[in-house]
Amino acid sequence: MTRLFLALLVFPGLLYAVPMGWLMLGSERKVVARLQGRVGPPLTQGFYDFVKLLAKAPVPRAETFLLTLLPILAVASTLGALALLPVGAGGFTGDLIVFVGLLEMAPLCSVLAGFASRSVYGEVGATREAVLGISGNVPFLAALLALASAAGSLQLAAVAGGAPWVVRGPALLALLACLPVKLRMNPFSVANAEQEILAGPLTEMDGPRLALWELAHALEWVVLAGLVAVLVVPGRGGAFVLVSFAVVPLLGTLAAATARFKIDQAARFLWIWAVLAAVLAFFAAMAVRHGSL
């Protein structure tokens with residue numbers, strides 16, 4: 001329990017994840033700006049925006065309680081998922097299931113916030129995010145299931161270190177294909193397409209509520225990049241940080257080099273290519289379990 005508490009509070013939790021999240025957001029914006037021939041905002045712009053929003057007075061609304069509760073749940077659940085990453089903490093049997101549940105809380109809260117805001121833009125964005133979430137979660141969960149099957153365990157530490165690369169390779173491809181979906185980046189940014197629906201589900205968010213949503217998004221960067229890192233270099237603290245950060249220019253380059261998919265194009269891509277990679281990982285896991293590989 002003490003190790004889990006330290007993981008939640010220190011590494012890879014709050015004290016590590018908050019500055020790393022702002023740094024990742026700033027670096028991604030810099031990468032995109034440079035590739036588009038711009039200077040871009042400073043690396044610390046996300047933190048400045050967070051502090052500025054905290055100082056703003058929120059607009060009173062009939063749905064104030066729900067719209068305040070949802071970003072708090074998003075931040076808390078993402079921090080909980082971070083604490084379960086097998087970097088220093090011991091973990092427990094079945095923590096992979098808890099990790100997935102906590103990881104999915106933030107997108108679910110975002111969808112609920114969009115509908116609760118009673119905004120046309122929010123409702124359209126929430127609907128798009130729900131469709132993309134289902135399409136992205138199928139290969140994402142299938143890849144994790146393949147890794148768990150190959151490792152013969154539902155404990156994250158065992159999954160990270162126990163799956164051979166013949167399974168881990170296609171599973172990582174499936175997971176990487178899903179990261180832009182979960183981070184709402186090009187080419188899967190249709191849920192928050194600013195030219196069409198402003199900020200999507202978060203259009204009506206303001207003040208401290210919007211600040212918490214920005215913090216939750218920064219923490220999502222850390223936990224998803226951390227998941228990739230523990231699969232590439234399981235159980236190594238320094239390498240974990242380096243590999244986590246290496247995900248930033250990769251996704252930033254993809255975002256700058258691609259146009260936004262329509263909702264049907266995004267769903268089709270995920271259901272064909274990402275699911276294909278996850279299925280390959282699953283069949284490889286079955287072959288490993290039966291001694292064929």
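Here the Cβ of each residue, glycine as well, is placed from N, Cα and C on the backbone.
If you look up TrEMBL, you'll see 65-85 (among others) marked as transmembrane segment.
The feature transmembrane segment is assigned by TrEMBL to 97-120 (among others). Same-chain neighbours of the transmembrane segment (97-120): 63, 66-67, 70-71, 73-74, 77-78, 80-81, 84-85, 126-127, 129-130, 133, 137, 141, 144, 154, 156, 182, 200-205, 213, 216, 220, 223-224, counting only residues six or more beyond its ends whose CB sits under 8 Å from a CB of the stretch.
The feature transmembrane segment is assigned by TrEMBL to 140-167 (among others).
The annotation transmembrane segment is assigned in TrEMBL to 210-233 (among others).
Residues or ranges marked as transmembrane segment in TrEMBL: 239-257 (among others).
Residues annotated as transmembrane segment in TrEMBL: 269-288 (among others).
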Range from 140-167, 210-233, 269-288 with most C-beta pairs under 8 A to the transmembrane segment (65-85): 210-233
Segment-segment contact (the transmembrane segment (140-167); the transmembrane segment (269-288)) at 3 or more Cβ pairs under 8 Å: yes
Chain residues outside the transmembrane segment (239-257) and at least six past its termini with a C-beta under 8 angstroms from it: 12, 20, 23-24, 27-32, 35-36, 87, 176, 179-180, 183, 185-187, 189, 221-222, 224-226, 228-230, 232-233
